Amino acid sequence: MASTVSPSTIAETPEPPPLSDHIRNAADISVIVIYFLVVMAVGLWAMLKTNRGTIGGFFLAGRDMAWWPMGASLFASNIGSNHYVGLAGTGAASGVATVTFEWTSSVMLLILGWIFVPIYIKSGVMTMPEYLKKRFGGERLQVYLSILSLFICVVLLISADIFAGAIFIKLALGLDLYLAIFILLAMTAVYTTTGGLASVIYTDTLQTIIMLIGSFILMGFAFNEVGGYESFTEKYVNATPSVVEGDNLTISASCYTPRADSFHIFRDAVTGDIPWPGIIFGMPITALWYWCTNQVIVQRCLCGKDMSHVKAACIMCAYLKLLPMFLMVMPGMISRILYTDMVACVVPSECVKHCGVDVGCTNYAYPTMVLELMPQGLRGLMLSVMLASLMSSLTSIFNSASTLFTIDLYTKMRKQASEKELLIAGRIFVLLLTVVSIVWVPLVQVSQNGQLIHYTESISSYLGPPIAAVFVLAIFCKRVNEQGAFWGLMVGLAMGLIRMITEFAYGTGSCLAPSNCPKIICGVHYLYFSIVLFFGSMLVTLGISLLTKPIPDVHLYRLCWVLRNSTEERIDIDAEEKSQEETDDGVEEDYPEKSRGCLKKAYDLFCGLQKGPKLTKEEEEALSKKLTDTSERPSWRTIVNINAILLLAVVVFIHGYYA
């Protein structure tokens, strides 16, 4: 039976004194304080500079964002502290193959910018569930996807980031875990609720710069310490822990020696930890779900000035996604060389002694190197990098979750809600999500496993493929209708939940004690399972759609690929119902506004609730046209297309080099 650690054991395990004392000096603390002050200053500047008093201003930054902050925000929204912990940890455990999750994303970003975003913008939507409502009609798809997306935010996105951030906080600051997380989430929630998407994007840009600078510095220290790249490749394959026996266990050499294919990304289709067919066929499916249908990501692309800026932002982020191999994966592998007994520990009692967890300490590879290698001041900078990655991801999740709740759920409960009420509801929901996140921390703490990145990717493989299948068919197959899409999602969700719940119930097992989960359910690698789930959902969707009535083209103009350039007027499927609701709501009357005191005016300014001048009918039409415009300047179109081709060539080359 596998050794386990109860929550109380984790809480009572003392942190190693040398690590917890590392940040207790004036230089490091000063850098961290300066970081927080600068981030808050940028957030406040964005809060005062941008228009947050309208739905479009708060949730889409008024569609006035340039390509470079959008690209930085896309990168920062994706790269959280769980990447520094998860990618480095899996790199330490098994080598470079884990970077394929990042490199696949570079290709998906091009598909996002060239195929999916033009459809989303032409449809005039703010959220992904809203797109499904326009494309298929009805409300059950919109509500279902909104609730599922919020569920994924809590159990996957937020939980992974908080868990990874908690590792740094515990090691570096020695603070109480819950106090530190509460402070981080509180700061994050404040400038998300007050600043809107523009504030999030500008702070993401700052934090991307901090992340890249700090990560490059640590990479330099790491390669210098290990003696260069050639020395690194030689020493890694010999990095085995000194203690490989104990706890009355018979431990196989494969559990503690580096893999023979550590420096290759394409591994055996059956025995590989990341099999090569899964990389080619399964990984793009989960990447498609995350990058092309995920509210957190797509919302950033919907705020671009024009399509050229959107495409340039996607290219910028795609290039940045090539860096984690050198900034995270290889430093994690170097950490195994430098701190072998801790990072590569295999005997449960030894692992508990080093990091308080019996399943392994690979998740501590990057944090340990930060605290051991970096000099004073730079240690504070690197902790700021970790905090930056954590907070940038959380702000993105909070803002997008707020958008989902407000646009897709709250408007169903309060059909006559004013714009001001919707803005307030969105902000309050962020605060509620903060509370839920804190409550979730104990569950994350006791469910930690040896490799965080495999946890996040497996959950994505169980929940994401049905969503990806429906969006692909919605855009490329106009014959698909609401009944097919709904039941395709339902069947896919049932299949995914059966696999996920069964795996949680039996456990994923470890090298020391394999899981007892039935092979028919858990015996298939999660990347292979994502392929089955994707095409299974697609077949159900197509089959039911072909057996039921098609949607007339008049309802599909600019909502699917073959009709994307149509200039015909589109009639929404629920147009009659919508018209009746507007009639029932009545016309909003203009009442003379009462004089407001200084404190109330300051409150409105801080929360973005101040009213701007009322738009004329012509101005409203111009704004609506701007929000659905996909035009490009010819010169910019040529530049971004050339860069896209160049990027694809680079991605193919690096895959071949490390194959």
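Glycine is treated like the rest: Cβ placed from N, Cα and C.
Look at Swiss-Prot and you will find 1-28 (among others) tagged as topological domain 'Cytoplasmic', backed by sequence analysis.
As annotated by Swiss-Prot, transmembrane segment applies to 29-47 (among others), with the evidence given as sequence analysis.
Predicted-model confidence for the topological domain 'Extracellular' (48-64) is 52, expressed as mean pLDDT. Taken from Swiss-Prot, the feature topological domain 'Extracellular' applies to 48-64 (among others), supported by sequence analysis.
The transmembrane segment annotation in Swiss-Prot covers 65-85 (among others) and rests on sequence analysis.
Marked as topological domain 'Cytoplasmic' by Swiss-Prot: 86-105 (among others). Helix first, then strand, then coil: DSSP counts for the topological domain 'Cytoplasmic' (86-105) stand at 19 helix, 0 strand, 1 coil.
Feature annotation from Swiss-Prot assigns transmembrane segment to 106-126 (among others). Long-range Cβ contacts of the transmembrane segment (106-126) within its own chain (Cβ-Cβ under 8 Å, at least 6 residues beyond either end) map to 55-56, 59-60, 74, 134-135, 284, 287-288, 290-293, 297-299, 301-302, 307, 310-311, 313-315, 317-319, 321-322, 403, 407, 471, 475, 558-561, 564, 624, 627-630, 644, 647-648, 651.
Annotated topological domain 'Extracellular' per Swiss-Prot: 127-171 (among others), in sequence order, evidence recorded as sequence analysis. Residues 15, 19-20, 22, 80-86, 119-120, 177, 180-181, 184, 293-296, 298-299, 363-364, 367-368, 370-371, 383, 386-387, 390, 393-394, 397, 400-401, 403-405, 407-409, 412, 433, 436-437, 440-441, 443-445, 448, 452, 455-456, 459-460, 463, 467, 470-471, 474, 480-482, 485-486, 489, 493, 551, 555-556, 559-560, 572-574 of the same chain, all 6+ positions outside the topological domain 'Extracellular' (127-171), place their C-beta atoms under 8 angstroms from a C-beta of that stretch.
As annotated by Swiss-Prot, transmembrane segment applies to 172-191 (among others), with the evidence given as sequence analysis.
Annotation source Swiss-Prot lists topological domain 'Cytoplasmic' at 192-208 (among others).
What Swiss-Prot lists as transmembrane segment is 209-229 (among others), and the listing cites sequence analysis.
Long-range neighbours of the topological domain 'Extracellular' (230-270) within the same chain, counting only residues 6 or more positions beyond its ends whose Cβ lies under 8 Å from a Cβ of the stretch, are 3, 94-97, 99-100, 223, 276-277, 279, 330, 333-334, 336-337, 340-341, 344-350, 511-512, 655, 658-659. Taken from Swiss-Prot, the feature topological domain 'Extracellular' applies to 230-270 (among others), supported by sequence analysis.
Residues or ranges marked as N-linked glycosylation site by Swiss-Prot on the basis of sequence analysis: Asn248. In the three-state DSSP scheme, Asn248 (N-linked glycosylation site) is classed as coil. Cβ contacts within 10 Å of Asn248 (N-linked glycosylation site), excluding its own Cβ and spanning all protein chains shown: 5.
Here Swiss-Prot flags 271-291 (among others) as transmembrane segment, drawing on sequence analysis.
Secondary structure of the topological domain 'Cytoplasmic' (292-314) per DSSP, as helix, strand and coil residue counts: 16 helix, 1 strand, 6 coil. For 292-314 (among others), the entry in Swiss-Prot reads topological domain 'Cytoplasmic', with the evidence type sequence analysis.
According to Swiss-Prot, the feature transmembrane segment maps to 315-334 (among others), an assignment based on sequence analysis.
The annotation topological domain 'Extracellular' is assigned in Swiss-Prot to 335-423 (among others) on the grounds of sequence analysis. DSSP assignment over the topological domain 'Extracellular' (335-423) gives 69 helix, 0 strand, 20 coil.
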Surrounding residues of the transmembrane segment (271-291) on its own chain - C-beta under 8 Å, 6+ positions past either end: 94, 97-98, 100-101, 104-105, 107-109, 111-112, 259, 261, 265, 297, 457, 460-461, 464-465, 467-468, 472, 525-531, 534
Helix, strand and coil totals (DSSP H, G, I; E, B; other) for the topological domain 'Extracellular' (127-171): 41 helix, 0 strand, 4 coil
DSSP-assigned states of the topological domain 'Extracellular' (477-526) in counts, ordered helix, strand, coil: 30 helix, 2 strand, 18 coil
Among 65-85, 209-229, 315-334, 456-476, 638-658, stretch most in contact with the transmembrane segment (527-547) (C-beta, under 8 angstroms): 456-476
Tertiary contacts of the transmembrane segment (638-658) (same chain, 6+ residues out, Cβ under 8 Å): 96, 99-100, 103, 106-107, 110, 114, 263-265, 308, 311-312, 315, 318-319, 322, 325
